[in-house]
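Trainee: Okay, so Swiss-Prot annotates it like this:
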TRANSMEM  29-49  transmembrane segment
TRANSMEM  86-106  transmembrane segment
TRANSMEM  114-134  transmembrane segment
TRANSMEM  144-164  transmembrane segment
TRANSMEM  177-197  transmembrane segment
TRANSMEM  200-220  transmembrane segment
TRANSMEM  221-241  transmembrane segment
């Protein structure tokens, strides 16, 4: 792992399980850290709301802040119509954020560095918003493919472009998140490996540089969860507005 910065993204089997319809369903390091991420969110929420005090403590205040934060994002993008979809957006944000931050721990595994995970999450968002769109607007939901004011001669090309862009949403959403996680962790690993090989880890400037890189990657982890959530709300706004 010290020589190969991409080794940290390799999936390893922890518990081998019988195949299901010819497919491997082994319990891997990805499965483990995904479970850790989910349990972390559940514990954060349960411990935060267990007392329900009028004057909240630090943990309850944190839970309330996250909830208010998600509510404000939904309202600013979809209006009051989108508030009933808080469970989806809240789950997307907390799960993505938890996976990103857990991946920053030493000897951990970054679940969101794998496109298959981010694509599955993106497909949930894509499918949900599409169903909501047809449920709210019926066949009129297809009007998002043809903006108002487009000349009739340009309409077929515009419909094709908009349809392609719409179907590409889960792909772009998933690749954006995974690519940022891979890039950040790889840079940290490469720089840290170089510094250690040069025996500079105990000198002040390289040590502080590594700390700064880690701090920046934590910021990126939070930012990417935020961007993923914002885009989810934007897609939701097409369905409910």
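Quick reminder: no glycine exception, Cβ is built from N, Cα and C everywhere.
How buried are the listed features, and what sits near them?
Mentor: For the transmembrane segment (29-49), the residues of the chain that approach it from at least six positions outside its boundaries are 11-12, 14, 59-60, 62-64, 94-95, 98-99, 102-103, 108-111, 114, 117, judged by C-beta separation under 8 angstroms.
If you look at the transmembrane segment (200-220), the same-chain residues 6 or more away from its ends with a CB under 8 A from one of its CBs are 101, 104, 180, 184-185, 187-188, 191-192.
Residues 70, 73-74, 76-79, 81-82, 85, 88-89, 92-93, 96-97, 100-101, 103-104, 112, 121, 125-126, 129-130, 132-133, 136-137, 141, 144, 169, 173, 176-177, 180-181, 184 of the same chain lie 6 or more positions beyond the ends of the transmembrane segment (221-241) yet place their CB under 8 Å from a CB of it.
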